[in-house]
Amino acid sequence: MTAPSLALTDKTRPRRASRPLDERLLFGACVLVPVVALVLFFLLPLATIVWRSVTEESGGIGVANYLALFRTPGILRAVGNSLLVGTATTAVCLVLGFAVAYAAQRTRVPGKRFVAAALSLPLLAPSLVLGLGLIFLLGRNGLVSNLLGVRLNIYGFPGLLIANVLYALPQAVLIIQAALRQSDARYYDAAEVMGATRLQQFLGITLPNVKFGLLSAGFVVFTVTITDFGNAVTIGGDFSVLATEIYNQVTGQMKFGIGAAVGILLLLPTGIAVYIERVAAQRQFGTASESALPPVPDRLPMRDIPLFLVTMTLALSIAAVVATVVFASVVRLWPYRLDFTTKHYAITLSGGYDPLWTSLGVSAATAGIGTVLLFALVLGLRRMPPGLAKAVYLLAVLPVGVPGLVLGLSYIFAFNLAGTPLHMLYGTALLLALCNFYHYHTQGFLTMVTGMRAVPAALEEAAGCLGGGVLRVLGDVVVPVMVPTLLSVFFFLFMRSMVTLSAIIFLVSPSTNLAAVTVMRLDEAGFVSQAAAFSTCIMAAVAAAALAMRGALALAGRRKAA
Amino acid sequence: MDLQIKNLLKTFDGFVALDRITLNVEEREFVCLLGPSGCGKTTLLRIIAGLMPYDAGELLMGGRDLGTVPARDRGFGIVFQSYSLFPNMTVAQNIGYGLKIRKAPRDRIAARVGELLDLIKLPKVADRYPWQLSGGQQQRVALARALAVDPSLILLDEPLSALDARVRADLRTEIRDVQRRLGIPTIMVTHDQEEALTLADKVVCMNHGLIEQVGTPQDLYLRPRTRFVADFMGSSNLLPTAWVRETMPHLMPGRPDGAENAFEACVRPERVAVTPAPDADGRVIDLTFLGNIRRLRLSWRGRELLAETNRDPGVEPGAAVDVSVAADACAWVRA
Ligand SMILES: Nc1ncnc2c1ncn2[C@@H]1O[C@H](COP(=O)(O)OP(=O)(O)OP(=O)(O)O)[C@@H](O)[C@H]1O
Ligand SMILES: [Mg+2]
């Protein structure tokens, strides 16, 4: 283009009100930093694990690692076992989860608050706490064996099944309950007038409408189960499953190629689950309209009495298992000598309570870094061209499809490479924090997006027109509205980070040991009471965080109302 | 079959939602329940459908007491305002649902569904899901679904109110035609008085859980019995007795006996005749052009009156006009 024509176009070009430079820089950085971090700490590790899974021992490229899977007897058995326990857990969780969700959403069965509270317990503790509690109750030296004088054998499939069900059930209930909530009383009124019986209404309307909810709950449970590490280690016994086997292959026998191949295979079920979730979100027939009338819960003894018994039994079981762990931690010798003692709280494993402090530090870092990055990302996304924003959005929701186990493995491959700049991070608490953050990135991101939707764009513009600079607008308009969301995201990341085991199990080192790992080590070493004591400390910390969140949210709400 | 409602009482925790309602719906009759929001129309409809219990009174269908008959055994058809098609079923499945419940053979269901789709003029949507239809189409399907089982009574709860004006008018005539053709007694809830006037054989005007007046559309419009009805059915001039006696004594003979404040004269604006006359005592305050009619606000003998005409009255605001009301143009309503 020649100079004169340029000058001409300059004059005639419609003037778009362009944002001031500092503003553009700020919002550019808002997006750039989180996206670069996503690439470095999520995409890159994932690419590395794919790469490693097709890198053969000889150094060439090929599918040898995948073929080797079939020739490793341990792996084959573990796959079979994992599928078995995964399928069984899924089936049980769907039936029980539907019962609990239905009771909560569509009936007036008493005790709903208690059931909800009991069901939230497993979310406050590392998964292996349930295994631990089950062993205390039903194990060889457990309460029931002791009372009945028989020696129950809970280790292996039955114990793992129960522990997994208790662990995964709350997540299934949440999903199914959300699906049940999407309905309208008028469907049932119409069916009633058309002559349908209760049973026909249930089969013809209720069930088909939660189809996608059930499907997505099923995949979530299945994935959680086959990639969970804690329960398999504590209560699995000789029943080897994929998660433990992969851990042995990688950390015990240093067979990284096979580990990578299994990791890739584990992406399949979650991939499908995430895909179904997306499809379901779009096809969830007749998406909730504003004017929907929720069905009124009613009473029906024939249905409610069995439902009450089932939900109460479940809630009491979960509460009992968790309570047993706490109780066993303060008695001399469970279940034989029940006199009170605090001696188990003197941890004999080297390091003592250091891992708990490390965990708290790592979790605080996860929550802090995570909240800031997510806030920046969501803030920047609002001002991006739609096409680009969509791509970034997709990238940001991708991590939910990657199980912790696979993420942890991929971090080894990406960061345990001597000679690369990223190697510096390996073995540091910072890397643990980042790993935890990206493990739970999607949930935090979606919460943040929802929160940001509540910030009225008009308000922002109004503040801008009044002459407020970017930071002014942020501080006066955006942040105040976002406070509850920021708090929720912060505490969500903190609490998850305190209890997760599956990803960081591959990354901990003696100097950066974490609390959940310590419980596992104590249990492995036979110090079960100390494991219980340590678990109790974790639960106390997480419960305190949960309370702090409630308090902070209430405070934020009060301030807004004032 | 006819429906008889006798002294129906319904309360919600002491709040009287329906205050001893008595009403008959004859065979082949189209009845509109009309009234402001919260007057109890939906409540009455749901009680008739059997979706809600009532406290006292009687409900008879063809002489049979419905009190103990559950909704599913009444054999009625119902259409709601919107969003009541089963979202997990196709249009054909929705329409055929009632027949399927009654265990009709599959080919009969298919035939009936085809027939009804033709009736509602949507022959090609059988395999679509509700969310793939427009609001108007959804309501037609809902109507077809209600008709599929040959109901002995059709209940419509504001079936058109979620639609835009044009679609509403079209669908209104269609509902009317279908109902005429099939001769099924129908009760429709609406708070649109125009809808009630065009559709109904009988309009039931309700207020605060009470029936104010029942009658043909002409009755309610031309001979409202209460101030509420006069006001609710279109606009009107409501004139106190004393003023009428003084200014338009020729209207007084029609007045029922009663205390001075017990009755008011209701004169519809189109019955107020306006003629320009230079030395008359009426004044035009302003003039509004509404397309087919023109509305005038007049000041006459100390009151403000509303007049409507469909011809150009040939006056400007401020012009002097002569005002007259024919003797038969007035209905006396209870104040
Ligand atoms: N389930 C209920 N519990 C308590 N009060 C109710 C209930 N249903 C209706 N009411 C009350 O009964 C009165 C009549 O309600 P109804 O729904 O019949 O009104 P409506 O005439 O259909 O009004 P709209 O035109 O707004 O639909 C209202 O005052 C309402 O608040
Ligand atoms: Mg209503």
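Quick reminder: no glycine exception, Cβ is built from N, Cα and C everywhere.
Features of the protein shown, as given by TrEMBL:
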TRANSMEM  A:25-51  transmembrane segment
DOMAIN    A:79-277  domain 'ABC transmembrane type-1'
TRANSMEM  A:83-102  transmembrane segment
TRANSMEM  A:114-139  transmembrane segment
TRANSMEM  A:159-180  transmembrane segment
TRANSMEM  A:212-236  transmembrane segment
TRANSMEM  A:256-276  transmembrane segment
TRANSMEM  A:307-336  transmembrane segment
TRANSMEM  A:356-379  transmembrane segment
DOMAIN    A:356-549  domain 'ABC transmembrane type-1'
TRANSMEM  A:391-414  transmembrane segment
TRANSMEM  A:477-494  transmembrane segment
TRANSMEM  A:501-520  transmembrane segment
TRANSMEM  A:532-556  transmembrane segment
Handout entry: Maximum Cβ pairs under 8 Å to the transmembrane segment (A:212-236) - stretch from the list A:83-102, A:114-139, A:307-336
Key = A:83-102
Handout entry: Winner by Cβ pairs under 8 Å against the transmembrane segment (A:83-102), considering only A:256-276, A:307-336, A:477-494, A:532-556
Key = A:307-336
Fill in the blank from the handout: Relative to the transmembrane segment (A:25-51), the stretch among A:114-139, A:159-180, A:256-276, A:307-336 with the most Cβ pairs under 8 Å is A:256-276
Fill in the blank from the handout: Contact set of the transmembrane segment (A:256-276) with the rest of its chain, CB cutoff 8 A exclusive, min separation 6+ beyond the ends, reads 49-50, 52-53, 55-57, 64-66, 68-69, 72, 75, 212, 215-216, 219-220, 222-223, 226-227, 242, 245-246, 249-250, 400-403, 405-406, 409-410, 412-413
Practice task
Could you give the residue numbers and ranges of same-chain residues that sit at least 6 residues beyond the transmembrane segment (A:307-336) on either side and whose C-beta is under 8 angstroms from one of its C-beta atoms?
Solution key: 96, 99-100, 102-104, 107, 109-111, 114-115, 117-119, 121-122, 125, 129-130, 132-134, 136-137, 141-143, 146, 166, 169, 342-345, 528-529, 532-533, 535-536, 539
